[in-house]
Amino acid sequence: MAREKFERNKPHVNIGTIGHVDHGKTTLTAAITSVLAKKGQAKVQDYAEIDGAPEERERGITINTAHVEYETDGRHYAHVDCPGHADYVKNMITGAAQMDGAILVCAATDGPMAQTKEHILLAKQVGVPALVVALNKCDMVDDEEIIELVEMEIRELLSSYDFPGDDIPIVQVSGLKAIEGEAEWEAKIDELMDAVDTSIPEPEREIEKPFLMAVEDVFSITGRGTVATGRIERGKVKKGEEIEIVGIRDSRKTTVTGVEMFRKDLDEGLAGDNCGLLLRGIEKEDIERGMVLVKPGSITPHTKFEGQVYVLKKEEGGRHTPFFAGYRPQFYIRTTDVTGQITAFTAEDGSNVEMVMPGDNIKMTGELICPVAIEQGMRFAIREGGRTIGAGVVSKIIQ
């Protein structure tokens, strides 16, 4: 059978289900596929298929994730669902599953629980821009007042983590009853998908953002000058444009005198391309791996930041022993290791943490020895002697 061609006639959005264990994330995911399948917009996937997600490795960390795709009238969605709580933590921090928005699943029978809170905090820290709430298992609650109380509690919780709690849609659903084909609950899944369509904004495409390419290698070509190679992370670059070299040393501007890919000249390089940029008046010594080439003024180098970090367990190849504030690892940022120091660890409630154990999910403050182009929402790894011992995301730039 010939492979189906991916039709790109609708905008594409990445979403996922988050929330407390046993509140019905996977059942709801299965319900979305079963309801949309009746309109020919999805392939039915049952609970067992989604729950038995294969292991994936992202930066050496093992994560179980199920990927489901479906479409609504206006959009194409890629949806991720994770079987275990630890998988969510790792997934969101490593950015293995980049989410443009998420469906927060909360059972009406329980209300918000510990992991409901932790997932909302994580979503905030890693920069998930928008949430929609699916209040699940509503078929099991007869008392309308209880449902109202749970909704109020969820709204207050969302607001306490700086999400617009009063405006986020909360849709009463029953994943199980929708799968069983009960019409009123199938209609609720449609209502949920309408809320997702309207409340989760379409992501800005990488190509429309300001140009950035991290330098992987530098060559000098006799008679032509210096070429920096790498993958264009976002935006585009044309021959003749001015760019800025940022990070490690003082920023400086130069002009791109050529863009080449596979030894052929291009008019312009686009997001996703691996290419070489020929730079005017730059010596090979002026530029090194770890610097970035950017649209002038679009990014400034920083040394101090806050990050949300997952510390690998011993079984994942991480450390066997705890570490403390003052620890000096390498931070692997884009294409290079930069030495830095972790000056403080903070718990969820804002209190200081003395000791961090393998397997922890923690907020840290880091300081690098030289300024690098770091940005909010950017992923990094923490390494020690060349092996990864943690994965993190920049939650805030300090200086």
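The count begins at 1 with the first shown residue.
Just so it is clear, glycine is given a Cβ too, placed from its N, Cα and C backbone atoms.
On a predicted model such as this, the values are computed, not experimentally measured, just so you know.
In the predicted structure, the domain 'tr-type G' (10-204) carries a mean pLDDT of 94. What Swiss-Prot lists as domain 'tr-type G' is 10-204.
Annotation source Swiss-Prot lists GTP binding site at 19-26, 81-85, 136-139, citing sequence analysis. When secondary structure is read from DSSP and collapsed to three states, C82 (GTP binding site) falls in the coil class.
According to Swiss-Prot, the feature region 'G1' maps to 19-26.
The Mg(2+) binding site annotation in Swiss-Prot covers T26. Secondary structure at T26 (Mg(2+) binding site), as computed by DSSP, is helix.
The annotation region 'G2' is assigned in Swiss-Prot to 60-64 on the grounds of similarity to another entry. According to DSSP, the secondary structure content of the region 'G2' (60-64) in residues is 0 helix, 4 strand, 1 coil.
According to Swiss-Prot, the feature region 'G3' maps to 81-84, an assignment based on similarity to another entry.
Under the heading region 'G4', Swiss-Prot lists 136-139, citing similarity to another entry as support. The helix, strand and coil residue counts that DSSP assigns across the region 'G4' (136-139) are 2 helix, 1 strand, 1 coil.
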Helix, strand or coil at G19 (GTP binding site) [DSSP, three-state]: strand
Of K25, H85 (the binding-site residues), the residue whose Cβ has the fewest other Cβ atoms within 10 Å: H85
Number of other Cβ atoms within 10 Å of the Cβ of G19 (GTP binding site) across all protein chains: 27
Same chain, 6+ residues apart, C-beta under 8 Å of the C-beta of D22 (GTP binding site), given in sequence order: A107
Surrounding CB atoms that lie within 10 Å of the CB of T26 (Mg(2+) binding site), all protein chains: 24
Between H85 (GTP binding site) and T26 (Mg(2+) binding site), the C-alpha gap once rounded to whole angstrom: 12
Least Cβ-crowded entry, counting other Cβ within 10 Å, from the binding-site residues listed as C82, C138: C138
